[in-house]
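Feature annotations, courtesy of TrEMBL:
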type     : residues : note
DOMAIN   : 3-77     : domain 'PglD N-terminal'
BINDING  : GLY66    : substrate binding site
ACT_SITE : HIS134   : active site, proton acceptor
SITE     : ASP135   : site 'Increases basicity of active site His'
Amino acid sequence: MKDLVIIGDGGFAKEVEWLVERINQKEPTWNFLGFIDKVKNKPQVIGDDDFVLNYGHELNVVIAIGTSNIRDKIYNRYKRNSKIKFPNLLDPDVKHSTKITMGEGNIICAGTIMTVDISIGNCNIINLDCTVGHDVHIDDFVTINPSVNISGNTHISNGCNIGTGTQIIQGLIIEHNTIVGAGAVVNKDLPANCTAVGVPAKVIKVREEQVNA
């Protein structure tokens, strides 16, 4: 079994631990060592960044943090160490075709259905009970919350956060770092760095361009 740690110690990190348990029940794969967090005086927190960076041999890391830009920074910091690997974790209940390309570090939760000719980048979260239609392209560090339905030929760009229960109509582009509020119906393209809410989704805020340090 391969050594694995989960970055984060919040609610989603606990759900990812359960996902790991479900994978191991089907086929023993992961030796879960514990959680990594800045605050080390918590149950099952075995260390902080130093533990990961100084582990000494191959270590599988899962970044279970919902905030996209934090995942981005952690991934790029750890990526410099060739002994750190970023596995894709797919719950055994996920239904998907063989016609999907996927990068690394993705978390795909139970109940999700992904059809055909789908492209998924790095370190995305697709939470419980989502559907992803044909020819969808998801870039990197995207957070898709539970029960989101993404219709075919949609492109979701880097760093977007798609709220629970959102419906995205076919053929749209959601530009980078955009937030879509829970329950929205997206029926037209959305620009970068905006917040859109409602039925149909309307832009209510545009933020300044994010610059990663």
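Counting begins at 1 with the first residue displayed.
Yeah, the Cβs are placed from backbone N, Cα and C, and that goes for glycine too.
In TrEMBL, annotation is done automatically, which means it is predicted and not curated.
Note that this is a predicted model, so its numbers are computed, not measured.
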Q) Quick one: mean pLDDT on the domain 'PglD N-terminal' (3-77)? A) 94
Q: Show which residues of the chain containing ASP135 (site 'Increases basicity of active site His'), separated from it by at least 6 in sequence, have their CB under 8 Å from its CB.
A: VAL116, ASP117, ILE118, GLY152, ASN153
Q: Please work out the helix, strand and coil residue numbers for the domain 'PglD N-terminal' (3-77) from the DSSP assignment.
A: 31 helix, 20 strand, 24 coil
Q: Please work out the number of neighbouring Cβ atoms within 10 Å of the Cβ of the residue listed as 'substrate binding site', leaving out its own Cβ.
A: 17
Q: Using a 10 Å cut-off, grab the number of neighbouring Cβ atoms around the Cβ of HIS134 (active site, proton acceptor), all chains included.
A: 16
Q. Quick one: Cα separation, the residue listed as 'active site, proton acceptor' versus GLY66 (substrate binding site), in Å?
A. 25
